[in-house]
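If you check Swiss-Prot, you get these features:
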- THR249, SER264, CYS265, GLY295, ASN470, LEU471, CYS472, THR473, GLU474, PRO651, THR652, ALA653, ALA654, SER655: substrate binding site (BINDING)
- CYS265: site 'Important for hydrogen atom transfer' (SITE)
- CYS265-CYS487: disulfide bond (DISULFID)
- ASN470: active site, proton acceptor (ACT_SITE)
- CYS472: active site, cysteine radical intermediate (ACT_SITE)
- GLU474: active site, proton acceptor (ACT_SITE)
- CYS487: site 'Important for hydrogen atom transfer' (SITE)
- TYR796: site 'Important for electron transfer' (SITE)
- TYR797: site 'Important for electron transfer' (SITE)
- CYS817: site 'Interacts with thioredoxin/glutaredoxin' (SITE)
- CYS820: site 'Interacts with thioredoxin/glutaredoxin' (SITE)
Amino acid sequence: MDHSDVYEPYTFSGKHHVRMYDFSKLTPMWNKDASTPPRKFADMHIASTVAMELYNIERELLNMGHLSGMETMMVDVRKSPEMIPSTINMRDHITRLVNKMKPICRFDERLYSLCGELVHLRIELREVPLDTWLLSKKLNLKYEVVDNIRRYRAHIEMDMLRFYGSIHPWLKRLGLQSALKYEEYLVELEDGKKESLCQFFVRLAAAAATEASMKKPFMTTLTTGVANWRTTFTTFFLALANQLFVPSTPCMLFLGREGTSTASCYLMDPRTNNTQDTLKAITEDVVPHLLARGGIGISLQHLNGKFGLMHVMKVLDSLVMAANVNESRPTGICVYLEPWHADIMSALNMRGMVAAEESRRCDNVFLALWSCDLLFKRYLRHVNGEKNVIWTLFDSRASILTKLHSEEFEKEYERLESEGLGVASIPIRDMMFAIIKSAASTGSPFILFKDACNRHYITNTQGDAIAGSNLCTEIIQKTDANTNGVCSLASINLARCVRNIDGNRQFDFDALRYAVRLATVFVNAIMEGSDVPTEKSHSGRERNRSMGIGVQGFHTAFLSMGLDLCDERARSLNKLIFEFMLLEAMTVSCEFCERGLPPFADFSNSYYARGRLHFDGWANVELAAVEEWNMLRDRIVSAGLYNAQFIALMPTAASAQVTEVSEGFSPLFSNMFSKVTSTGELLRPNIQLMEELRTIYLDNENQRLATIAALESANWNIQTALGNKPECHSLLKYKTAFDYDQALLIDLCSDRAPFVDQSQSMTLFITETADGTLLASRVMNLLLHAYKAGLKTGMYYCKIRKATNAGVFCGDGELTCSSCVL
């Protein structure tokens, strides 16, 4: 998809270098000569408008040869207005049409786009007028949001007109999965009606503008001109509708609505050491957050006695299963344990095919190892030939270890070991065997490096170390028995930062910085207005005001510039992107304080107050913006930072579907992703690949179809299907995550790590050998590579592609893994 005409260059002006944008050039107003007029949202003549659009699409499908033998409506309402079908009949017809067309999308990317447009027509048939939407009890908008929408209605309707003029037609043709995902996010209203896509963006922008207007520095950082509710609304509305940045799923579902939480991540460390207190903590803290649809990471390291941990795991497993029944946003729990926990071997065998017994099976709870460096140091001693290297497990008598990290941890561990306080000793090879076997068989445990997380934190944590991360392993926050970690997320759509400049596709850093600036203000605004389930979470949010700004479309952006992820130009660009993301986010946060807002609570005790920034903890970091960093460093010492944390690279599996770009910072999972679910087939073709293929065979449709057939036979592996075709040489860049050398992908994570002050949800993608086996050493070597690179997250999921077919085991229990040679 060509997005290059959406954003114009940004200019730099004002004391704080605000990136201004002339929004009158962002999207053109409605073209009166267009075949379909903009939505008349005042009187909602929906049926006739949709019938006309449906007629045009069916004509287009007929011309493409895709309607042969299929039922059509083909009603030209301009000639026969009395023949307009009912909205119910049109919706049913659209559903049948999409279901029949979906399989053919594998061969024609234009059809994939048209199917998306059909789904948007189905959405439009359920729209309601703006007043009806505002008063919906099922939507339950906050009073102050409703009040502002009414007060500034004339201004909002001008932005809505702009949306229907050019943004909406572009969104409607993004693709089928985008349309289906938007349909899922739009709020269900009374009488079978639904929030419209335009109302969806109005809700998000109005809610954020309402909160931003309560703290003037939020608004003034967006403009050097007049800063008020209207200009703030328009800024957010146009950026959101144009997908420059994308809010988190909880935000899209709940922002602006009463009694909801928009935070994505909650981190807990109850520090309970018996079953009774742990169950109390679950009841009082875990359950409310599950019901608020938040993802939870919880450390149970202190629950380290006899007959406790696995029974509590079973309780959590049942809670997750019950909480996710019939929910639009399923959630989950990840339990964090250190590898010296007395019950660690039982925990490693609680999921999937490795579950020792049904009574201890916990398929709805994830496990993460909060691993000390010492575990890997001992394994390296074994690899280097040392005999009888062991790993010792401890019970609660060694609880002091949870408070320590790095050298202090190692000294205390070895002291306890020498005094004979261990409850079991395991050969280090067997310990690693158990970890890798569980990962290869179930997708987890996730693996994070405790020492790296603590070393690079904003305060000195020695003596009270950080105990865990979140559900998806990208959030690193200090928690305790009285304070939960909380993080609100948004992702920058990097594909929207690629532009045609002098005939070449280039990355626009002004667009990137503008997107980060908007996302920083947006996330801070929604944090102000969001409810949190418990006082502990309220305390954590207020103490740190931690943000998690990530990315999506990383691979899509690089492909659109013709770059392989691992060539030198790509590696250089990778570092620059994340350096400027951190720079802009911290600049905005500092500006908040310069304009009168207080720094986060622990600022005076943080390294920031002494002028130390995150990348200062890394060796040999080369900065592109040395002068700007030096100035910002001085400003931070002088004024402070409003937020404690900024960049977190989360998975964007759901939100990247609305943008039709690659997930997070990972390579594309497949060039033709297909997954059968309980609601039907989820299909996502690589549109860039299919469009380029059409260009190559522009005058030879038979050859194009033959090439696609070859790709189908090769499970859409480019090298296998097209490696010998000289005309397809340019397509070899379309490698998938499984085609890349995983060590090189880890190197990309390492290159950007100095600028990621939280962490990265780094998944490993591994293919079995031809005989259907998987060597444990392959996984282990990658973990060692991540450890030596100094990463905080060593492995999120371990995804295994079967050698015999396209089946991929993703750790969700839907497919079984192949056998492993360990």
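Placed from the backbone N, Cα and C atoms, the Cβ positions cover glycine too.
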Return the maximum Cα to Cα distance in Å (whole number) over the record's substrate-binding residues: THR249, SER264, CYS265, GLY295, ASN470, LEU471, CYS472, THR473, GLU474, PRO651, THR652, ALA653, ALA654, SER655.
-> 18
Secondary structure at ALA654 (substrate binding site), reduced by DSSP to three states | coil
Within 10 Å of TYR797 (site 'Important for electron transfer'), Cα to Cα, which of the binding-site residues THR249, ASN470, CYS472, GLU474, THR652, ALA654 are there?
-> CYS472
Return the residue, from the listed recorded positions CYS487, ALA654, with the maximum count of other C-beta atoms within 10 angstroms of its C-beta.
-> CYS487
Going by DSSP, give the three-state secondary structure for TYR796 (site 'Important for electron transfer').
-> coil
The rounded CA-CA distance in Å from CYS265 (substrate binding site) to CYS487 (disulfide bond) is 5
CB contacts for CYS265 (substrate binding site) [other CB atoms within 10 A, all chains] = 29
By a 10 Å Cβ neighbour count, the lowest-scoring of the recorded positions THR652, TYR797 is TYR797
What's the CA to CA span in angstrom from TYR796 (site 'Important for electron transfer') over to ASN470 (substrate binding site)?
-> 11
